[in-house]
Amino acid sequence: MSEYMYFSPSKSANSVTNFMGTAFLLALLGGFLSDAFFTTYYIYLISALIEFLGLVILTIQARSSSLKPQKCDLNMPCEQVHGAQAAMLFIGLYLVALGVGGIKGSLAPHGAEQFDESTPRGRKHRSTFFNYFVFCLSFGALIAVTFVVWIEDNKGWQWGFGISTFAIFLSIPMFLSGSSFYRNKIPRGSPLTTISKVIIAAVLNSSSNSSKNSSTVIASMTSSPSPPVPTSKSIETAPSRSLSFLNRAVSDTPACGALKCTVQQVEEVKIVMKLFPIFACTIMLNCCLAQLNTFSVHQAASMNTQVGSLKVPPASLPVFPVVFIMILAPVYDHFIIPFARRVTKTEMGISHLQRIGIGLFLSIVAMGIAALVEIKRKRVATDSGLIDSAQPLPITFFWIAFQYLFLGSADLFVLAGLLEFCFSEAPVSMRSLATSLSWASLAIGYYLSSVIVSIVNRVTGISTNKPWLAGRNLNHYHLDRFYWLMCILSALNFMHYLFWATKYKYTSVTSRR
């Protein structure tokens, strides 16, 4: 974006953030289509072909000088890409985003559908699948930030895009090779239609006061114990007491005939609505991830990145959390979980909500460590008289690895835990859409990170006339204060999570055992 398309640094950053956020948000579309009209099998294949097409366009543009802005020099000023060239760039990028979103919204639930959840063996294998799903994502990221980045820097961007194009093309026959063995869930109609129908029916029936049968049911429930919360496999004769305002959707005389709802539909909507507070509490972690993936790179760039005779580019710093996840994933699955099962005498060992909670707690520790490392880095800069210098500081960039260690661990616990939690708790007809919430959390976290930076700079600029995150260079930033703020916000978010997690009642057999 900056070196070849000549966007300014801020426009380049915004373009990348928008691309990443859009790709993760489009996972909701992939999940919705998988549940409503197609199977996860077909959504993956269609999405892979769309991503392949987008990468082909980007590869062709990277290879052809006539499809990019002219190179600038002292005699020719840099001109930002525009017109047909800009259209080609963004068509390619957002076809890739559409493909990525569809794959993320379909591949994880497709894999999870292959296991028999009615048996302990099947449930354990499904849990292992989600763990290694995150492991494989990290393995792909490791190749991307090392080998592909090296190829792009030394051989050209067309080769980097070309490798990605070949990789997604190769994945299609690999996926098709298992077609005869796959178990595919039959789509059961739009889950959004069911959710909207129940909510609208509850509002209209309440305002019209015409649902006598529903009122009788609700009144009788005050003197009787609530029935167990049903899954999509069971049908109750009366709605449960939780989220009782939705019970008004059940009526023999609805305000509109098209809005007649069954008890099962109401209970399924309740289950999905109870997932949202847990989902919302994971956004703050992803906000921390976004912050560390930007500011930590700048921190490392100001430090000594020499490892022997090798100079490590700061852009390769994401290799730290990726490697930590790849190490922790098998350790968690083969050592931590078996030990937890022996101690707790339960099938899961560590429940989904406990796993997410551990990840959120680790994010607090990560931000605290990030603040302490920044204090040390600035002290070295002061003691060395290099506050205003662009020279590397006499401190190794490996100090940054500590915050990445905890944040990478937090990411593994939360992402794998939330994927499995949403899949196992959601009604069968809404599983792909619910699983996609994990990726939506990432997208919202990226967007929210930009909002927090803007608010912090605005508030601190007004109160002290010197924004925390502004200055001649990073040494003049108050990045340590910002990290402490993120640490406090993460702690408050953790307490908020504990409130909802302790109130949550599991609906699936998997999670209770």
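Each Cβ is built from the backbone N, Cα and C atoms, and glycine gets one as well.
Note that TrEMBL annotation is computational and uncurated.
Not measured: the values here are computed from a predicted model.
So that you can see what the record holds, here are the features copied from TrEMBL:
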type	residues	note
TRANSMEM	15-34	transmembrane segment
TRANSMEM	41-62	transmembrane segment
TRANSMEM	82-103	transmembrane segment
TRANSMEM	129-151	transmembrane segment
TRANSMEM	157-176	transmembrane segment
TRANSMEM	275-295	transmembrane segment
TRANSMEM	315-335	transmembrane segment
TRANSMEM	356-375	transmembrane segment
TRANSMEM	395-421	transmembrane segment
TRANSMEM	433-456	transmembrane segment
TRANSMEM	482-502	transmembrane segment
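Counting Cβ pairs under 8 Å to the transmembrane segment (275-295), the stretch among 82-103, 129-151, 315-335, 395-421, 482-502 with the most such contacts is 482-502. Same-chain neighbours of the transmembrane segment (395-421): 108, 112, 126-127, 130-131, 133-134, 275, 278-279, 282, 285, 288-289, 292, 296, 299-300, 303-305, 312, 314, 317, 320-325, 328-329, 332, 352-353, 355-356, 358-363, 365-367, 369-370, 373, 376-377, 380, 435, 437-438, 441, 511, counting only residues six or more beyond its ends whose CB sits under 8 Å from a CB of the stretch. For the transmembrane segment (315-335), the residues of the chain that approach it from at least six positions outside its boundaries are 128, 131-132, 134-135, 138-139, 141-142, 145-146, 149, 293, 296-297, 300, 397, 400-401, 404-405, 407-409, 411-412, 416, judged by C-beta separation under 8 angstroms.
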